[in-house]
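S.K.: What Swiss-Prot records for LYS174, HIS293 is active site, proton acceptor, and it gives sequence analysis as the kind of evidence. What Swiss-Prot lists as N-acetylproline is PRO3. For LYS200, the entry in Swiss-Prot reads N6-carboxylysine. Positions annotated as site 'Transition state stabilizer' by Swiss-Prot: LYS333.
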Amino acid sequence: MSPQTETKASVGFKAGVKEYKLTYYTPDYETKDTDILAAFRVTPQPGVPPEKAGAAVAESSTGTWTTVWTDGFTSLDRYKGRCYHIEPVAGEENQYIAYVAYPLDLFEEGSVTNMFTSIVGNVFGFKALRALRLEDLRIPVAYVKTFQGPPHGIQVERDKLNKYGRPLLGCTIKPKLGLSAKNYGRAVYECLRGGLDFTKDDENVNSQPFMRWRDRFCFCAEALYKAQAETGEIKGHYLNATAGTCEEMIKRAVFARELGVPIVMHDYLTGGFTANTSLAHYCRDNGLLLHXHRAMHAVIDRQKNHGMPFRVLAKALRMSGGDHIHAGTVVGKLEGEREITLGFVDLLRDDFIEKDRSRGIYFTQDWVSLPGVIPVASGGIHVWHMPALTEIFGDDSVLQFGGGTLGHPWGNAPGAVANRVALEACVQARNEGRDLASEGNEIIREAS
C-alpha cells in the first residue's frame, strides 16, 4: 500500500456508493449573492425520499457516485453544490421543488455552454429521478457581468431603424423551402414595399440545392434596397447565417455585412450556444443586428415535469447574445399561457425582474444594464389578432405574420398593407385611451 493510500485509509477513506443526502443536502445553508441558484421540479422514483433526490441533483457540481482519493486534494465544501431547500408542489403528487446553490467558481466566465453543462448536463438521467425539470435560474450579478449579452439591444435597434412608438412588423417567407433565390427575393420585396419592417428566412432555410445561401443573400439585399428607395423607410431581412460549422456561419455573416444589410439570423438551439455567442460577438463588432430563432425549443420545454421551460432558454439567450428571440404568441397556433409568456418576455426586456411564482419566476433577477432582447410574436397569427398582440406585447416587440401576410387573396403587398394599417390603427386607438381587448374588432373594421 502506498503512503498516500495508507494515509487516506487511516482517516476513514472507504470505497463504495456515496450517500448523496449526507454530502449535498444542507438545509441550513445560507445562499450567497455570488451563487448561481437553480429551482428544479423533482419527481423521485417510488421509495426515493425527496431529500435524496434533491441532493442527487446537486451532485453534478463536484461529485461522482463514490468517494475518490483525489477528494483529499481539494475543498469539497468550497466547490460543491448544495440542495438547501425542498418544498412540495401544490396539487401534484410526488413532485417537489428543490433549490440548489452552485458556487460561482464552478463556472467559466462568459460561457453559457459551460453553465448548462455543469447544471443540467448529466443529472437528468439519474436513476433516482423519474423526471426532472429546471424551472428557473438566478444568475448573480458577478456572473452576468462576464457576458456581452445582445449585440445591440432594444434602444440601439430602434435608433438604427429610426422607428419608434409602435411594435415592428415582420413576415416569414413561405413556402419556407422550394423557391428559387430570385423568386424568394421577389416575395421579400413585395412584403417590404407593402409596409413591413422585416422579412425573414425560416429556420431551416440554410443553403439547399435549389437556393444556395449566397444567391439568396444577394437577391434579398436587392429587394430590401429597392423597397427602401420606394418607401423611404429602413428595411431588413433576417438572413439566416446558420451553417454546419462556425467558420461557415461567420463567413455568411461577413458576406451579409459586405452587402450592407442590417440584420442576420441564427438558430441558436440547434446551432449551439458556443456558435451563437461567437456570432453575437461578431455582430456587435460589425454593426449587425442578430435575430435568434428557437427551433427545437419544444423538444426541451414542452413537458411540464421534465426538461426546462422557455424562461430558462430565454435567460440563456440574453446572456449568449441576440437582439430578437421568438417568444410565442399567446393567441396563435403555438402553445403558450399568457402569464407565463409575459413572465419570460419581461425577463428578456427588463433590467430588473421581481420574483413572481404566478408567472413562473422563481428568483429575482438583476441584469445590471445588460441590453434587452426584443420578443418576437410569431406562429399562426393574422390581422384580427393585432389588437390582442398590441396589448399583450407592447411597443418593444416584433409581430411576425407569415401566412397572415402571404395568405392575402390579393397577394403579398396587400397582405403587408393590411397588417400595417391594422397595427397603426391599434396603436392610435390605444394612445387615445380605447380598450383594445373589448373594442379590437371594431377598431380593425373601422381601419379597413
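Count begins at 1; order follows the chain as displayed.
Using N, Cα and C of the backbone, Cβ positions are placed for all residues, glycine too.
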S.K.: Which one of these active-site residues, LYS174, HIS293, has the sparsest Cβ neighbourhood, judged by other Cβ atoms within 10 angstroms?
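M.R.: Taking LYS174, HIS293 as the active-site residues, the minimal 10 Å Cβ count falls on LYS174.
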S.K.: Cα of HIS293 (active site, proton acceptor) to Cα of the residue listed as 'N6-carboxylysine': how many Å, rounded?
M.R.: 10
S.K.: Work out how many Å separate the residue listed as 'N6-carboxylysine' and LYS174 (active site, proton acceptor) at their Cα atoms, rounded off.
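M.R.: Cα to Cα, the residue listed as 'N6-carboxylysine' and LYS174 (active site, proton acceptor) are separated by 10 Å.
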S.K.: Around the Cβ of LYS200 (N6-carboxylysine), how many other Cβ atoms lie within 10 Å? Please give the count over every shown protein chain.
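M.R.: Counting Cβ neighbours of LYS200 (N6-carboxylysine) within 10 Å gives 29.
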